[in-house]
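Going by Swiss-Prot, these are the annotated features:
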- 1-6: topological domain 'Periplasmic' (TOPO_DOM)
- 7-27: transmembrane segment (TRANSMEM)
- 28-328: topological domain 'Cytoplasmic' (TOPO_DOM)
- 42-186: region 'Disordered' (REGION)
- 51-63: compositional bias 'Acidic residues' (COMPBIAS)
- 99-115: compositional bias 'Low complexity' (COMPBIAS)
- 123-171: compositional bias 'Low complexity' (COMPBIAS)
Amino acid sequence: MMQDLRLILIIVGAIAIIALLVHGFWTSRKERSSMFRDRPLKRMKSKRDDDSYDEDVEDDEGVGEVRVHRVNHAPANAQEHEAARPSPQHQYQPPYASAQPRQPVQQPPEAQVPPQHAPRPAQPVQQPVYQPQPEQPLQQPVSPQVAPAPQPVHSAPQPAQQAFQPAEPVAAPQPEPVAEPAPVMDKPKRKEAVIIMNVAAHHGSELNGELLLNSIQQAGFIFGDMNIYHRHLSPDGSGPALFSLANMVKPGTFDPEMKDFTTPGVTIFMQVPSYGDELQNFKLMLQSAQHIADEVGGVVLDDQRRMMTPQKLREYQDIIREVKDANA
């Protein structure tokens with residue numbers, strides 16, 4: 001907002017200065033044209049004066065005026081007689097005297113003066129007489145008009161320069177050093193995991209309960225805690241549980257009397273770490289899943305219920321090794 005106000009002040013000050021200069025030139029030309037209109041009448045009356053009086057008239061006309069004198073061939077007695085007469089020149093002096101102070105400061109003689117004297121080819125032209133003394137009073141009427149104008153001009157550019165100070169050329173940005181990549185932190189090793197397999201019927205079918213019960217018992221599972229089947233260290237059910245088998249359908253429990261029972265599949269899971277060698281327990285778990293799938297006519301799936309692949313089996317083994325290393 002302040003910069004907008006400063007720009008407005010600068011523009012207003014410049015317009016004021018231009019208006020003053022145009023007005024001064026216009027006034028000067030107007031006064032000069034009026035002086036040239038009055039001068040022929042004065043010259044007609046000054047022809048009767050002698051050469052000495054003509055020089056006095058030149059002093060009254062101001063700086064840089066060109067005077068044209070006609071050679072006077074009259075007798076000397078006639079000149080003396082004319083010199084005794086009162087000079088009519090003083091009757092026309094006030095108009096010139098009043099017009100001189102209104103001339104502009106340091107106005108050089110323009111080229112318009114010689115064409116006005118051109119119609120008199122037979123008259124000799126004298127050199128212009130420069131009188132510096134009248135210059136001092138000529139500056140007085142002009143100074144009060146020009147002096148107040150520069151005040152807003154000198155005060156306004158100072159904040160304008162300050163406004164453009166931020167526009168200084170900015171040094172080219174130095175290339176930033178490339179940060180070295182931070183060392184990749186090793187993923188923290190897991191200390192426990194759950195290995196999951198599924199035995200499911202083919203698409204659109206279900207596993208028969210009686211057939212499923214026989215295959216589960218043949219694989220060494222025993223019905224126990226949480227109403228699900230567990231595979232213990234010993235086939236007779238003694239020792240710690242190595243892995244367990246649950247129903248794929250929530251809540252995941254079984255009924256031991258499931259002759260009329262059907263299900264889309266069962267889930268076998270093993271918690272790692274576990275008792276004994278986890279890799280050996282995993283092999284036993286995979287063998288049990290394949291035995292049940294073969295007996296009921298199903299397929300073995302991974303934890304995402306996709307077809308089990310050798311890559312997925314290696315992934316399970318890597319997880320088991322990672323947990324073992326973390327708990328070593």
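Positions of Cβ are set from backbone N, Cα and C atoms, glycine also.
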Residue distribution over DSSP helix, strand and coil in the topological domain 'Periplasmic' (1-6): 5 helix, 0 strand, 1 coil
Confidence summary for the topological domain 'Periplasmic' (1-6), mean pLDDT rounded: 82
